[in-house]
Amino acid sequence: GAPPGSGRGILERLDSGEVVVGDGSFLITLEKRGYVKAGLWTPEAIVDHPDAVRQLHMEFLRAGSNVMQTFTFSASEDNMGSKWEDVNAAACDLAREVAGKGDALVAGGISQTSVYRHHKDEARVKKLFQLQLEVFIRKNVDFLIAEYFEHAEEAVWAVEVLKESGKPVAVTMCIGPDGDMCGVKPGECAVKLVKAGAAIVGVNCRFGPSTSLKTMKLMKEGLQAAGLQAHLIVQSLGFHTPDCGKGGVVDLPEYPFGLEPRVATRWDIQKYAREAYNLGVRYIGGCCGFEPYHIRAIAEELAPERGFLPPASEKHGSWGSGLNMHTKPWIRARARREYWENLLPASGRPFCPSLSQPDA
């Protein structure tokens, strides 16, 4: 039968205590696959290579994603000129097409603008959000996500625009435990965003799983102290970044072309999913570096609570159990949870430091 949640919106799902599994990396993944150029980070691929984008959406759906985010990161008029509208409309159509093949909702996504940091012109910034929102309303997305905001003020502006649609609004900031770029602490950021009208608040990108969860804990504490209610969302990097400064992964010398040694294993992501769940987060997904197998790891870790596995688990034994058929006894011995849970994977790079110094 269909998993729970079929036909219900994001807030119905979260209000009933259900776990919503987000999706993962698009820009970084499609750059590696040869469809997106780093530096611009705008999703022209949605028009130029729709099959590549559709395939990635499909892989996330199969891995267990309950949300197809429109591939519209940085797809505002300030970044894309005249192409922005075609890209946003096509992104909505693609996300809807794939979401319809499973139990997934479509989330229209906006992100911080390039104009905010130069001149904090509220009317101009809000106009950029408004333009994207008009496409999302026309395409009837299920809910809205404002993601990747470094400044609480701009994130608040985004929420104020999006909530006018009457659709549920989620908002995630790309901040670490130190807070936003103006020193607004995570707890205070969360309070401002809920007061602005966000129903779901949290963090995405810039920091790895463990750091992102530290920030989520601070956000949760801030909301509790203010007596405010909201659902929590976390969509971390699929990379380990304990050595990041305030700016996160972008300040590490390996960004964006040398991050492979930092990729999280599926077991790291099971741990992240469990810790997020224990913290009370019920919308759990990923951002840059989060491949479909990482999303599957979230769905598998929380399968006992959810009562079902994603389709992709047909090709994966729980905790390596598929290895128990191997011809070599020492490989058969790896078919158990304790082995993978306690593994400290080597990078195979004898001359490399385990940590870097951020450039900024």
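Glycine residues also receive a Cβ, built from the backbone N, Cα and C atoms like all the rest.
Per TrEMBL, the features are as follows:
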{"type": "BINDING", "residues": "CYS205, CYS287, CYS288", "note": "Zn(2+) binding site"}
{"type": "DOMAIN", "residues": "8-302", "note": "domain 'Hcy-binding'"}
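As a whole-number mean, the pLDDT of the domain 'Hcy-binding' (8-302) in this prediction is 97. There are 30 other CB atoms within 10 A of the CB of CYS287 (Zn(2+) binding site), with all protein chains counted. Summarising the environment of CYS288 (Zn(2+) binding site), the number of other Cβ atoms within 10 Å of its Cβ, over all protein chains shown, is 26.
Sequence-distant contacts of CYS205 (Zn(2+) binding site), defined by Cβ-Cβ distance under 8 angstroms and a gap of at least six in the same chain, are GLU147, TYR148, THR172, CYS174, GLN235, SER236, LEU237, GLY248, VAL249, CYS287, CYS288. The Zn(2+) site is defined by CYS205, CYS287, CYS288, and by the 8 Å test on Cβ atoms against their centroid, the other residues of the chain that qualify are SER25, ILE28, TYR148, CYS174, ASN204, ARG206, GLN235, SER236, LEU237, GLY238, VAL249, GLY286, GLY289, PHE290.
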